[in-house]
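Take a look at the following structure, please.
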Amino acid sequence: MNGTEGPYFYVPMVNTTGIVRSPYEYPQYYLVSPAAYACLGAYMFFLILVGFPINFLTLYVTIEHKKLRTPLNYILLNLAVADLFMVFGGFTTTIYTSMHGYFVLGRLGCNLEGYFATLGGEIGLWSLVVLAVERWLVVCKPISNFRFSENHAIMGLVFTWIMANSCAAPPLLGWSRYIPEGMQCSCGVDYYTRAEGFNNESFVIYMFICHFCIPLIVVFFCYGRLLCAVKEAAAAQQESETTQRAEREVTRMVVIMVIGFLVCWIPYASVAWYIFTHQGSEFGPLFMTVPAFFAKSASIYNPLIYICMNKQFRHCMITTLCCGKNPFEEEEGASTTASKTEASSVSSSSVSPA
């Protein structure tokens with residue numbers, strides 16, 4: 001084994017010289033230089049500096065403006081709540097531990113940090129799945145006369161929290177466990193060992209199938225069908241410029257949504273799966289740290305993709321920030337009018353942009 005396994009930790013370095021110490025008790029500067037921990041802390045501070053205001057603003061603006069309190073926006077708000085979970089449950093903890101160079105908060109802190117970070121990520125992931133299904137049902141109309149109501153939105157919210165907890169809670173209850181990973185100043189699921197009594201293998205397989213592969217398949221299916229529906233509507237109205245514009249708008253949104261999903265999850269999932277299937281192989285502390293912390297940037301681009309590209313929300317946000325006035329009102333108004341025209345045109349072909 002090219003690492004050192006101890007009680008509730010795994011350090012990716014062989015302890016041939018006796019230098020390896022518990023990541024709960026000693027600085028891990030033998031893994032990487034103190035400067036690397038400082039850079040990690042600075043990166044997390046940047047995510048908090050940007051992620052907290054934009055997600056808090058999303059919640060505040062929606063509460064402030066009644067016209068934004070639509071069933072679909074309930075799911076979008078759930079994304080903001082998930083991102084705030086990551087900010088408070090994971091990012092603040094990592095800043096503190098990276099300042100010390102090890103997981104100074106002990107096993108209880110590791111369990112809490114791992115749980116809240118996993119919960120926030122999973123709520124966000126399953127919120128995207130609910131959004132994809134909603135778009136498919138409303139736009140492609142596999143169920144005739146379906147209307148996404150407040151009850152559907154509430155069921156979607158409950159579903160995301162149930163699924164998120166079905167992934168984040170088991171390691172607290174003995175099915176797998178949370179341990180420090182990478183540079184040993186943040187915690188995640190134990191992909192690294194087959195520790196007796198924790199059944200890590202079965203949990204990791206369950207997590208990858210139910211909490212990665214299935215969501216990925218659902219998102220691709222729903223947005224693939226959405227793209228086909230928009231193209232069919234545009235083909236039926238070859239001379240309609242507004243329909244073509246609507247097709248481009250929906251296509252752009254779909255592409256950005258799928259790319260955001262893949263960019264966030266595939267690097268982390270790929271590295272985690274590699275470590276799980278190659279336990280005992282040699283890898284450095286940065287091998288898991290880089291994709292794990294890159295995935296945390298979802299707290300920034302989630303609201304940008306799913307909310308800030310919404311013209312109505314953008315108008316309300318500017319109005320809130322500018323004390324009730326929108327200095328770009330004429331431009332925003334023209335843009336909103338064009339958007340309504342496009343939506344109306346495409347709606348006649350049973351398609352509506354996001």
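Cβ atoms are placed via backbone N, Cα and C, with glycine included.
The following feature annotations were taken from Swiss-Prot:
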type	residues	note
COMPBIAS	334-354	compositional bias 'Low complexity'
DISULFID	C110-C187	disulfide bond
CARBOHYD	N2	N-linked glycosylation site
CARBOHYD	N15	N-linked glycosylation site
LIPID	C322	S-palmitoyl cysteine
LIPID	C323	S-palmitoyl cysteine
MOD_RES	K296	N6-(retinylidene)lysine
REGION	333-354	region 'Disordered'
TOPO_DOM	1-36	topological domain 'Extracellular'
TOPO_DOM	62-73	topological domain 'Cytoplasmic'
TOPO_DOM	97-110	topological domain 'Extracellular'
TOPO_DOM	134-152	topological domain 'Cytoplasmic'
TOPO_DOM	174-202	topological domain 'Extracellular'
TOPO_DOM	225-252	topological domain 'Cytoplasmic'
TOPO_DOM	275-286	topological domain 'Extracellular'
TOPO_DOM	309-354	topological domain 'Cytoplasmic'
TRANSMEM	37-61	transmembrane segment
TRANSMEM	74-96	transmembrane segment
TRANSMEM	111-133	transmembrane segment
TRANSMEM	153-173	transmembrane segment
TRANSMEM	203-224	transmembrane segment
TRANSMEM	253-274	transmembrane segment
TRANSMEM	287-308	transmembrane segment
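So where do these features actually land, and what's packed around them?
There are 32 other Cβ atoms within 10 Å of the Cβ belonging to C187 (disulfide bond). Under the three-state DSSP scheme, C187 (disulfide bond) falls in the strand class.
Long-range Cβ neighbours of N2 (N-linked glycosylation site) (same chain, at least 6 residues apart, Cβ-Cβ under 8 Å): P12, V14, G280, S281, E282, F283.
Following the DSSP three-state reduction, the secondary structure of N15 (N-linked glycosylation site) is coil.
In the three-state DSSP reading, C322 (S-palmitoyl cysteine) counts as coil.
A 10 Å cutoff on Cβ-Cβ distances gives C323 (S-palmitoyl cysteine) a total of 6 other Cβ atoms nearby, all chains included.
In the shown protein chains, 24 other C-beta atoms lie within 10 A of the C-beta of K296 (N6-(retinylidene)lysine).
With a threshold of 8 Å between CB atoms, the same-chain residues lying at least 6 positions outside the topological domain 'Extracellular' (1-36) that come near it are 100-104, 106-107, 110, 177, 179-185, 190, 192-193, 195, 279-288.
Counting residues per DSSP class in helix, strand and coil order gives 9 helix, 0 strand, 3 coil for the topological domain 'Cytoplasmic' (62-73).
Counting residues per DSSP class in helix, strand and coil order gives 9 helix, 0 strand, 5 coil for the topological domain 'Extracellular' (97-110).
Along the topological domain 'Cytoplasmic' (134-152), the predicted structure has mean pLDDT 82.
Long-range Cβ contacts of the topological domain 'Extracellular' (275-286) within its own chain (Cβ-Cβ under 8 Å, at least 6 residues beyond either end) map to 1-3, 12-13, 28, 31-32, 36, 182-184, 191-194, 201, 204.
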What is the separation, in Å, between the Cα atoms of K296 (N6-(retinylidene)lysine) and C322 (S-palmitoyl cysteine)?
30
Report the member of C110, C322 (the recorded positions) whose C-beta atom has the most other C-beta atoms within 10 angstroms.
C110
Please check if the transmembrane segment (203-224) comes into contact with the transmembrane segment (111-133), where contact means 3 or more CB pairs closer than 8 Å and the residues in each pair are separated by 6 or more positions.
yes
Measuring Cα to Cα, how far is C187 (disulfide bond) from N15 (N-linked glycosylation site) in Å?
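Computed Cα spacing between C187 (disulfide bond) and N15 (N-linked glycosylation site) is 21 Å.
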